[in-house]
Amino acid sequence: SGHHEHSTDZPSZSSKPCCBHCACTKSIPPQCRCTDLRLDSCHSACKSCICTLSIPAQCVCBBIBDFCYEPCKSSHSDDDNNN
């Protein structure tokens with residue numbers, strides 16, 4: 001067995017769930033929704049992804065969670081820390 005293939009269980013960096021625009025209610029526990037618009041897909045952990053019928057499709061995740069995912073932008077730019 002000389003084949004080394006990545007299993008699909010292992011999330012790659014790009015498929016990690018993330019959200020830049022997250023809105024939460026003030027209830028306990030909070031009800032949070034990611035309002036990011038993505039093209040053709042939602043983040044990897046999204047259970048209820050709603051897309052427009054346009055091309056490319058604009059998709060938003062309709063899940064309600066009690067937390068927000070990491071922001072998508074932060075992983076790529078470290079420039080924000082230098083201010």
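Just so it is clear, glycine is given a Cβ too, placed from its N, Cα and C backbone atoms.
The disulfide bond feature in Swiss-Prot is assigned to CYS18-CYS72 (among others).
The feature disulfide bond is assigned by Swiss-Prot to CYS19-CYS34 (among others), with experimental evidence given as support. The DSSP secondary structure for CYS34 (disulfide bond) is strand. Counting every protein chain shown, the number of other Cβ atoms lying within 10 Å of the Cβ of CYS34 (disulfide bond) is 26.
DSSP assigns CYS22 (disulfide bond) to a strand. Around CYS22 (disulfide bond), taking its Cβ as the centre, 17 other Cβ atoms fall within 10 Å, counting all chains. The disulfide bond feature in Swiss-Prot is assigned to CYS22-CYS68 (among others); the stated evidence is experimental evidence.
Taking Cβ-Cβ distances under 8 Å and a sequence separation of 6 or more, the neighbours of CYS32 (disulfide bond) in its chain are CYS22, ALA23, CYS24, THR25, ILE64, UNK65, ASP66, PHE67, CYS68. Residues or ranges marked as disulfide bond by Swiss-Prot: CYS24-CYS32 (among others).
If you look up Swiss-Prot, you'll see CYS42-CYS49 (among others) marked as disulfide bond. DSSP assigns CYS49 (disulfide bond) to a strand segment in the three-state reduction.
Swiss-Prot lists CYS46-CYS61 (among others) with the feature disulfide bond. Counting only same-chain residues at least 6 apart in sequence, those with a Cβ under 8 Å from the Cβ of CYS46 (disulfide bond) are PRO17, CYS34, CYS61, UNK63.
Close to CYS51 (disulfide bond) in the fold, though at least 6 residues off in sequence, lie ASP40, ALA57, GLN58, CYS59, VAL60, each with a CB less than 8 Å from its CB. Taken from Swiss-Prot, the feature disulfide bond covers CYS51-CYS59 (among others).
Around CYS72 (disulfide bond), the C-beta neighbours below 8 angstroms that are at least 6 residues distant in the chain are CYS18, CYS19, UNK20, ASP36. Per-site Cβ counts within 10 Å over the disulfide-bonded residues CYS18, CYS59, CYS61 peak at CYS61. CYS42 (disulfide bond) is surrounded by 22 other CB atoms, counting those within 10 A of its CB over all protein chains shown. Sequence-distant neighbours of CYS49 (disulfide bond) (same chain, 6+ residues apart, CB-CB distance under 8 A): SER41, CYS42, CYS59, VAL60, CYS61, UNK62. Of all the disulfide-bonded residues listed (CYS19, CYS24, CYS68), CYS19 sits in the most crowded Cβ setting, with the most other Cβ atoms within 10 Å.
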